[in-house]
Amino acid sequence: MSVVDILSERGFVEAFTHEQELRDLAAESAVTCYIGFDPTASSLHVGSLVPIMALAHMQRNGHRPIALVGGGTGLVGDPSGKTEMRQLITPETVEANIEGIQRQLSRFIDFDGGKALLVNNADWLTGLEYIPFLRDIGRHFSVNRMIKAESYRMRLESEEGLSFIEFNYMLLQAYDFLKLCGDRDCVLQMGGSDQWGNIVAGIDLVRRVLNRQVYGLTFPLITTSSGAKMGKTAAGAVWLDAERTSPYDYYQYWINTDDQDVARFLSLFTFLPMPEIQEVKRISGADLNSAKAVLAFEATRIAHGTDAAVQAHSDAAVNFGRRDIPQDLLPSSTIPRDAEGTGAAVSGTAPQTEMTMAELSEGIPAFVLFHTVGLADSKGQARRLIQQGGGYVNDRRIESDEYRVSAEDLDDAKIVLRAGKKRYHTIVVRKGA
């Protein structure tokens, strides 16, 4: 099975150019491929995982990935999928953002010894001379064809229109492909479905200038079963940078996956074998919740390392309760499977508050405690939450808004508060307190 077959089976592929030729090439020889990453933020987010994982699969199957960071094109701004012009950013900001992106990509891709490359297109774009570029590159582009591209057509039909600086973006991205093909023998560009027009333009430019056949592959737009974009929550984006989204919150994002998405997300966002993932489609109930835990653990392990994943899994056990993970469920995962081995200690990454026995001795009104720990914005909101049946202590519904949380509620030196279905906070009483 070639890497193209693997990507197809796991759900990465929406469209190819020259499909059979590409399949044959990938099956017969090592292929150098590239994907571009936008340096408009200091961190990539979950929405970038599909292209990152695709590069990782390429490398794991003997091919050489190139991660191109758009230090040059980022100064222009890609109009694809945008209804208005992006805010232009400074070269200094782009350079700082590239450093953060490189650190994150290194979690997924091995750059040691030339096994993969990270390049910055500012190295060749910022030194281009305008007139020679128009004569040597611009002459190969038809404006009539360019404005038929989806990314340009949408903007031309919008109220804001398309700026001249953005109109040049397709030429610059096509030039990237030409440069990487000539200098690095790169023959495959991959990207999101909104990049189809830019990718095809690059393929055409390489053919005209170098007389070489190169290829393109695009990914589908990945949404949840409810239609939401990947990586977006009520609290904002889910970042790959641990300083912006903690490993615990990252783990929680994945464990809250909808039932219908579990098998699909295991295919896309972990490296677990497909035969094991296919079995997940046949399970339900508690086993499906265990599969979500495996998804969360594996996704966190890949992005943040094994230690962070184990700690996030342990912290979740403290807040949500321990569970055994069946040995025959996704057996290739390294997730701790014995409930007795998880949740043994609280690291401080899970939401928690320390209290003394003295504070609990007389009891604290539940609505006051819910407000104090941040499970409600006000005491009035906390009262309403409890009155409507949404307040819990140790998974036991609070029947009255006059209920007082006390030492009698302690379970193994902890009290777990819950607001609604998914918001938890742990009260921890340390020994000797």
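Backbone N, Cα and C atoms are what each Cβ position is placed from, and that goes for glycine too.
If you look up Swiss-Prot, you'll see Tyr34, Tyr169, Gln173 marked as L-tyrosine binding site, on the strength of sequence analysis.
Summarised by DSSP class, the composition of the motif ''HIGH' region' (39-48) is 3 helix, 1 strand, 6 coil. Under the heading motif ''HIGH' region', Swiss-Prot lists 39-48.
Model confidence over the motif ''KMSKS' region' (229-233) stands at 74, taken as the mean pLDDT rounded to a whole number. Summarising the annotation, Swiss-Prot assigns motif ''KMSKS' region' to 229-233.
Here Swiss-Prot flags Lys232 as ATP binding site, drawing on sequence analysis.
Summarising the annotation, Swiss-Prot assigns domain 'S4 RNA-binding' to 364-432 and lists sequence analysis as the type of evidence.
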The sparsest Cβ environment within 10 Å, among the binding-site residues Tyr34, Tyr169, Gln173, is found at Tyr169
Extent of the L-tyrosine binding site in Å [max Cα distance among Tyr34, Tyr169, Gln173]: 17
Per-state residue totals over the domain 'S4 RNA-binding' (364-432) - DSSP helix, strand, coil: 19 helix, 23 strand, 27 coil
Should Gln173 (L-tyrosine binding site) be counted as helix, strand, or coil on the basis of DSSP? helix
